[in-house]
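**Student:** Structure in structure tokens, see below.
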């Protein structure tokens, strides 16, 4: 669910370094793949895939991942999530060396850096770990990578751990029915940005790839090859936006369920910004955990006020004045009997441009709401992301526009309050710290992860590394 | 949202009885229509449309509605929701008269009955009302109809009112922004099976078409032509399944919101079948109103335990053993932290075949639920519907199978209880009766609607009319 | 190759009169059918198909043939080639009887007339021959029909024989390799508008269906049921345009190959309109037989001057001024070395609107032709066809426009001459008459076919029957 | 018409070296491009395109040309026709330098060689001519290239001139109607593999790019930058197969029309292998010029015996035994009246595998031909091509199989004779030599083209350069 622009799969027969099977295409997975293309790909039990969500790089087939390149030591396939903070300098460096670049994608830079890494002189064996570490020296963040060569997949996360990556264990079929899961057998290994994907293929969450870690995965074995450290003193910088908006609620990051973080954000918001009202509701569906948290903390009933209109999709109608005025109302049904004459608190997960919530408020008022208060379960976004999240331009962001100063009036609400940055960070780190302290007393793995932090650049403008142009 | 098999629109220029524009196709509306086909249809402000949900009649383009036929008095277009209880006899009667029938659809019977209606001898003027009444004499139920001829649309509901039909009023664009809606002006009229469709085009609910009523709609006028009565003593028979499952929660039937009925079903279920537990939840998303009603009545917290996996659609993969065993788990994410070690009550809206709920229960147990109790917010379905709802065969219905006698064990639940038929009927009729009594004291419209009842044939086997073969 | 607007196939299992399989769609056969749809259709060895070339009736899926209707005696499927000269009166007659007509197609009239035919009172057995004869009494021409019911196909040609229809015999596979074809066995029967289709499925030409003949085809048997005569004195009226333009050159009508008729037209044209020149050529490719006939009769060399540009198809480019001026030149390559400085005679098969030949002449002159003379191997078309051929409106036909009086100048040719009507008719009838005389002396079949004639209505305005409106 | 596997266009705005527009796709041009994609491409009057006919390189979107790469000096787009004889060595060399190769296409090698060319140290200006000459030093043949950078297109042909390339001049629109073409104005320049493409866009043939020539094309100017010579003594090596089979008959190579060469081959064949017969015919349509030449030289009539079945395309039917036995017969109609009882000579342009002509001969015999003699207007193909033509494997070639020794019997002909290699070469070179002598006496351009020869490798095994692996 993380990328809907393009999709691709590369499989290896595990023996020849030349015999990759590749299928890629624009659009959703269901458009790109069918029974025939999957059959073609089925040459062994080894493969990597990618769905693209465009940040840098134009939306073109050429940019579809995984990328496959032939090197002196055979073909490698590379899937990349992230965006390089020093891409411009790296492009120039590669071109100066004489490499023609055929895409605008950062991911091509990564494949060429892997192909190119010195020493090339007496390079008779391919030392992929050396090449990966060299790549990590060239660029600090952000990248989570899968690199396939012959019968091995390398899973790599940048030293700042900005993008997620985790490992799952395929449970043998027979055991899926067993009551007790004490089986030590493993049918295979899977790697994914989000753990939510494991359940749907019968795998279970095993562990995260650590910031800076290079993991070597073969059929029966998962092995840490190295953990490349950050510069002294730099904390890790996992993207806080993954918790707020991007990830699926049933995914697990840093030992905690995303849903729980969102509910805590709602609870924290109730502490920071309570309101006298009759009921708490949500803009379906991503803000529901926060709304339930808010309602519970306030002691107000949680009530549904809108239902989603499932069949409103991409519309093909030339919008005339009537339809433009209806706007977002098309997407929702109104459960007016549930709130007529009541004071309503609506919890939203974010207000980015401000043009979605406004017509909803109008709709609720027209259908009989006495008051409409907006509580936003995240802080306002004010800065661009250069590390893999596609955020509107600074000018489009409501928080940077004059209207923000009288936002309640602008969107037609009786009041509107955002969660504070501190509130968000504490909601995210609360249980990590609790667990950390517990772990510290047990002296486990401390050295490997280093100081824990989160990237809040889009909220604060404080980027974890210096940006290069 | 009521039919996804095919879609069609017929428009009239309102002047010639020959100049209909027609566009129909298989599949969802978004597949059938595009900007070009809509432009072609745009000849005036008059038209009727249809989305098909197949009951009788094979799934073929030929069966797409609206049907257009040319008669001695020009073309008519007909859209039909329902299924005729005496279709077999009517087909034979028409063919004996020499009419070749080109589809297996009941709706073609209706068009041919309208074309064919005597007296044909000195039939120089087309008396469409006489033809419609003749049709209503030929067949008692079930049909809600739109019949377009030249510049008029007739909206007709069968005397038992088995299928829904209601009228909306298009609000002038300018007024949509006005605070007070005291405008008496009307921009036009729309008719729909469900009132939920009005909001998304800027219309507002006006009233239901009554059982047996023939309504004539012209651009500025809605006029009752006649109300054809039922046989003495027969109550009306609106389909109770519309409340339970079929309709969208924000629709209004018989003066009440479907969502409210479903919540009352949940409340009634809490009275009929309480359970000692830690939390109440739902199988997303149709059972949510009942779950909130149950939770509130019991005083237990409402908690989410599953989240929908939006990107699981029609899968193209040949299901191997692994995927077959995963089954329904693919469709959901599990929010295990929310219920680990807890006793869970799951409210479902219906258990038809029993093969959906069973893997969900297993999933919850494997993810840590201590107990799983199932409460079903409707009675078991035991009988086929011959009046427009596509119900599995008797043999497939779990309520007719031996497993039903030990259902909790069969599906793996700690307990399972259905809502009673009486509980459902009272949840549906409670507020109608309250309003009715109120109206009766005011002596309004009493004679027009007659005795109020609901069709519960699929639950009880008591059909509102005798079935003919 | 006769119809590219839509295609359809209906198959019967040969046992039930209800179990037809139908697949139809807009466009070429290759678009409409694929392996899946063909597999679905394959229920027995019995079926009829149709490709539509629109004359009357709008281009819509609804009008796709074969038509299937259910009658009192089971389903029939009907494929129709032709156009009824009294369609308007028949429509009104059917609607007065109470039949609603759902298409504008003449072919629906035919199916309803077959469903409707009296006597219906004590109609316990379906006498299809009586129904077909009744249809033939209702309408004189033009129709070639295939009517399928259960395990029988009726092949019918109207009494004037205006549209073609012939029967082929499927040769057993084993015998296809045998040198001597003295096998009397038959694997099955096929019926087609044109005999050219037989070769490509391994069948051989058997015979034509005679004007007015009703042939009953079962798996192993072809049987004449009746030959309905024309009014006293009326000659048969096979469409002469089939010879001139419509049919494929390797088809056989009335005992002669179309190619031979076209070559005779070229020879006749050489007699009627010789010219002093250096070479004879053709506009590829339909006029090649006439060009070879003309060249041979004149004693001039046959030389190619143009080659077809195979990859110019439906163009998607918005034609700018440059491309509009290029016009037809896009479709051809010019073999200029073959005619530079020479006097060229170009044989064309017809000049309908005059806007195709003109840019070709210009192209030849610009590429070095000294003189360009046009000879047209058919007479000018002046009148509309109401019997199945789609001819431009009278106003569009070059022969009805003022420019025709100075045509050579208008199109830029040194001279232009058409074949005479008498020349065309004698080229067509020459070998038929020779064979007829021979047959007459043998006294065979004389009574069955009656006086032989051809429909030349589009050339002369003399229609074989009176047209009704 | 030269490539049907994929198509692509790249346009430049002529100002920025970054702003290329690219559209590519698999399949025919009409599938790949539509009005929208063309509109997107229309940024100026500058662009290059490519249609791919696969030789080396798998059939994948990745291999679609033109290739675009970004270099230190901006983007270049490259379209390549041909195949490099030292590709394997060049791949290894590039990978050793650290370049990862993302396709198996020779054309990527060319783009990377252009990007990579030394000296890179103080490379502040992009000397594209030096880079192109360096490329030409790295690989001798075969390539015809278009290289676009900013506002310039370089047209390059390898020193052996193995693949064709020629330049056309766009005629101003106004002049296209003028009688006399003495206009010296030019609206623009076009470059193409074959001159036949010029006519269809309103351009006229200007001249060939010479073997080894680097031509710089700007909007108003065509300028020779250099002509890179071949090794001393090597003749040029234009592919003789272009004349025999590949090119369109209306194209001009080396000053002569392909059609004329083919007709001369037919005449030469009549001298080398006459036969006593009644008529000469062709397998439509590519052998028609040779057949007309043969017929004229022999004094026998040219007669058509087969007509093409236009609507046989890619068939979707699972071929059963019946259809397999029919084989090629599906593709043709038989004009049996034209040759019944006659002795037929069929001219074919080549017999590669032998499985096409055999069923045609059988068809003609079954339809009444008394004798069938085959004359092939080219010599037998015996060797693979490594320079851009996709020839079946040695084992598949009929000339390398035992059956070749009794070919007439094997294919069922009364006799079969091929044109000799000498006969072909003289048919090709006859008029070139005549013109050459004429030119020599005039002392023009002699030094630029060098000794004239043709590549006959597929017929003789004599490759123009040594092949490297």
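Yeah, the Cβs are placed from backbone N, Cα and C, and that goes for glycine too.
Note that the structure is a prediction, hence the values are computed from the model and not measured.
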**Student:** Given TrEMBL annotates C:348, C:349 as Mg(2+)-binding, which of C:281, C:286, C:415, C:420 belongs to that site as well?
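**Tutor:** Record check against TrEMBL: Mg(2+) site with C:348, C:349, extra candidate from C:281, C:286, C:415, C:420 is C:286.
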**Student:** Name the residue, out of C:64, C:166, C:385, that TrEMBL lists for the same [4Fe-4S] cluster site as C:239, C:455, C:458, please.
**Tutor:** C:385
**Student:** Roughly how many Å separate the Cα of residue C:458 ([4Fe-4S] cluster binding site) from that of residue C:286 (Mg(2+) binding site), to the nearest whole number?
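**Tutor:** Each residue's Cα considered, residue C:458 ([4Fe-4S] cluster binding site) and residue C:286 (Mg(2+) binding site) end up 20 Å apart.
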**Student:** Near the Mg(2+) site, what residues other than C:286, C:348, C:349 in the same chain have a C-beta no further than 8 Å from the centroid of the listed C-beta atoms?
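**Tutor:** These residues sit around the Mg(2+) site: C:245, C:282, C:283, C:287, C:290, C:347, C:350, C:376, C:377.
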**Student:** Look up residue C:286 (Mg(2+) binding site) in the DSSP assignment and report helix, strand or coil.
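**Tutor:** In the DSSP reduction, residue C:286 (Mg(2+) binding site) maps to coil.
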**Student:** Distance check, please: Cα of residue C:348 (Mg(2+) binding site) against Cα of residue C:239 ([4Fe-4S] cluster binding site), rounded to an integer number of angstrom.
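**Tutor:** Residue C:348 (Mg(2+) binding site) and residue C:239 ([4Fe-4S] cluster binding site) have their Cα atoms 20 Å apart.
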**Student:** How many Å lie between the Cα of residue C:455 ([4Fe-4S] cluster binding site) and the Cα of residue C:349 (Mg(2+) binding site)?
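**Tutor:** Distance (Cα to Cα, whole Å): 18 Å.
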**Student:** For the recorded [4Fe-4S] cluster site, whose residues are C:239, C:385, C:455, C:458, find every other residue on that chain with a C-beta no more than 8 angstroms from the centre of their C-beta atoms, and list them by sequence position.
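**Tutor:** Here the non-site neighbours turn out to be C:162, C:240, C:241, C:387, C:388, C:389, C:456, C:457.
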**Student:** Counting other Cβ atoms within 10 Å of each residue's Cβ, which of the binding-site residues C:239, C:385, C:458 comes out lowest?
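**Tutor:** Each of the binding-site residues C:239, C:385, C:458 was scored by Cβ atoms within 10 Å; lowest is C:385.
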**Student:** For the domain 'Glutamine amidotransferase type-2' (C:1-220), provide the mean pLDDT of the predicted model.
**Tutor:** 84
**Student:** Whole-number answer please: how many Å between the C-alpha atoms of residue C:286 (Mg(2+) binding site) and residue C:385 ([4Fe-4S] cluster binding site)?
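**Tutor:** Cα-Cα, rounded: 22 Å.
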**Student:** For a quick check of packing: other C-beta atoms within 10 Å of the C-beta of residue C:349 (Mg(2+) binding site), how many?
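**Tutor:** Summing over all protein chains shown, residue C:349 (Mg(2+) binding site) has 23 other Cβ atoms within 10 Å.
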**Student:** Please name the residue among the binding-site residues C:286, C:348, C:455 whose C-beta has the most neighbouring C-beta atoms within 10 angstroms.
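**Tutor:** Neighbour-count leader: C:455.
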**Student:** In which DSSP state, out of helix, strand and coil, do we find residue C:385 ([4Fe-4S] cluster binding site)?
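**Tutor:** In three-state terms, residue C:385 ([4Fe-4S] cluster binding site) counts as coil.
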